[in-house]
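Below you'll find the structure, written out as structure tokens, and then a few comments.
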Amino acid sequence: MAFQGKKLINNPDDVVTEFIEGLVETYPGLQYLDGFPQIKVVLRADVERGAYDKVAVISGGGSGHEPAHAGFVGSGMLTAAVSGDVFASPPVDSILAAIRAVTGPMGCLLIVKNYTGDRLNFGLAAEQAKSEGYKMEMVIVGDDCALPPPRGIAGRRGLAGTILVHKVAGAAADAGLSLADVAAEAKHASEVVGTMGVALSVCTLPGQVTSDRLGPKQMELGLGIHGEPGVAVVDLQPVDVVVEHVFKQILSQETQYLPITRGSNAVLLINGLGATPIMELMIAARKAVPELQLEYGIAVDRVYTGTLMTSLDMAGLSITIMKSDENILKRLDAPTKAPAWPVGSEGNRPPAKFPVPVPPSPSVKDDEILAQPQELSKQGCILEAAIEASATEIINLKDILNEWDGLGDGDCGTTMYRGATAILEDMKKRYPMNDAAGTINEIGATIRRVMGGTSGILYDILFKAAYASLKQSTTVTANEWADALEASVAAVSKYGGASTGYRTMLDALIPASTALKQRLKAGEDPVTAFIASSEAASAGAESTKQMQAKAGRSSYIAPDLLASIPDPGAMAAAAWYRAAALAVKNKLHGSKS
């Protein structure tokens, strides 16, 4: 069943004129001839009628290919663009109006895509202009490489390669060349460019029904920019396979559409046909460049990727290859104010890859894993016991944490379990246990490697902030540990946006940090202070049963559903903190209270 295509338009008959009105409102350097609805011409606002002292370059054709052609009007490119109705050649009177508006004594070059209606209308306008005394030349672009060489007079269709011809001709005209020389450069460019399109859908004309010619798992090779059928309808293929096929067609030695051989240089244009996301175009570009260079031995001088010549809302792309030389590159790199020409594409191509910067204090690399067991200092033994106890406690709590997280993702326990098991695995071979700061840094590296989601990044921040605090001290005392915990809590609060009462792990860690600081400041024994702070952490975690969540996914859940259920993140933090405190106490004081 066919459906009328959905469009953000008013009257389908007004789409071209309203597009032009919006274009000139957007770009002050453009104007249009006041001849709507018959005459639809966009021209440079800085060109004074009859006084332009350079060759005027005019192109155009049926509308529906935006931004072509009006989007390429500007200094260094087109002087004017003539628009017909959607997919209809512009009338002779419109073309003549454009010629008269911008052509000065240097003459005018018409660049025409190879379609019968365009050739006839632009050709008749050129002859009429000549009879009025204008110097005229016309270059026809037929860059389509999808179809076999035609036996009749129709010739190859004009496609996105026309845009590159516009740029070459416009830059040559802007440089002050004569009409003959501008036409010669444009003709040469048209002879060394080839294009092939691939479509995933057929375009829908304004006010018309959507075509169902292509099934949901089909694509069409060589589809024209007016929706006319291509070479073949085939099953949908990965884009890498599509690129390979397109190159094989454009560079075919049988058709010899392009005079490009191994050792040549080329320019590459990856063009979206209207409804193709830039992501997909870039995926094609990433395959196209090495394919040309490695498989065909063709050096790629420039790459232009974007939506330049469309077919209304067609999903798909076209790929254009133009043989390049020093002069063509000079014309392509020349400045232009045409709004649709891709910005920042001029200049030589640097290497695509840049090495990842090495951090100033990198964590232990795989080839630097401790070759033999360390002889641990007293502090190293205590730290090892605390880490082992904390990780083991989290492993034992996996199921209950997942249960408490049942109204959220239901994976808190699983995520924490991943981190804990990895820490136990890494601690024997990676952690420099005699170096407290270094060990904390490595725990952060472990967590970053294996824990996902918000909890993973928050714990990574927690340990990274602790490391930054601890590494400033030559000897790590209880006060340094308290400072590190305080810095960690502050960092998690800063970047996570939560604080006390938000129903997060900070509801356990903030009370712990506060109690530890206060008791140490009062001169209490460090182990006793640690145990007391762990009790504060547990109490804080339990208090989350009465809290309304203000952070994380729990904040989207109705408060009555969370009632009597503690926050799993807070309970996990309290659990490993309590386990560490008890391990330190047992290591230093044995089983004594």
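Glycine is no exception: its Cβ is also placed from the backbone N, Cα and C atoms.
Residue density at HIS226 (active site, tele-hemiaminal-histidine intermediate): 19 other Cβ atoms are found within 10 A of its Cβ, drawing on all protein chains shown. The active site, tele-hemiaminal-histidine intermediate annotation in TrEMBL covers HIS226.
TrEMBL lists GLY62, SER63, GLY64, HIS65, LYS113, ASP118 with the feature substrate binding site.
Residues or ranges marked as domain 'DhaK' in TrEMBL: 11-341.
The annotation domain 'DhaL' is assigned in TrEMBL to 381-582.
A separation of roughly 9 Å, to the nearest angstrom, links the Cα atoms of HIS65 (substrate binding site) and HIS226 (active site, tele-hemiaminal-histidine intermediate).
Here the binding-site residues are GLY62, GLY64; the one with the fewest Cβ atoms within 10 Å of its Cβ is GLY62.
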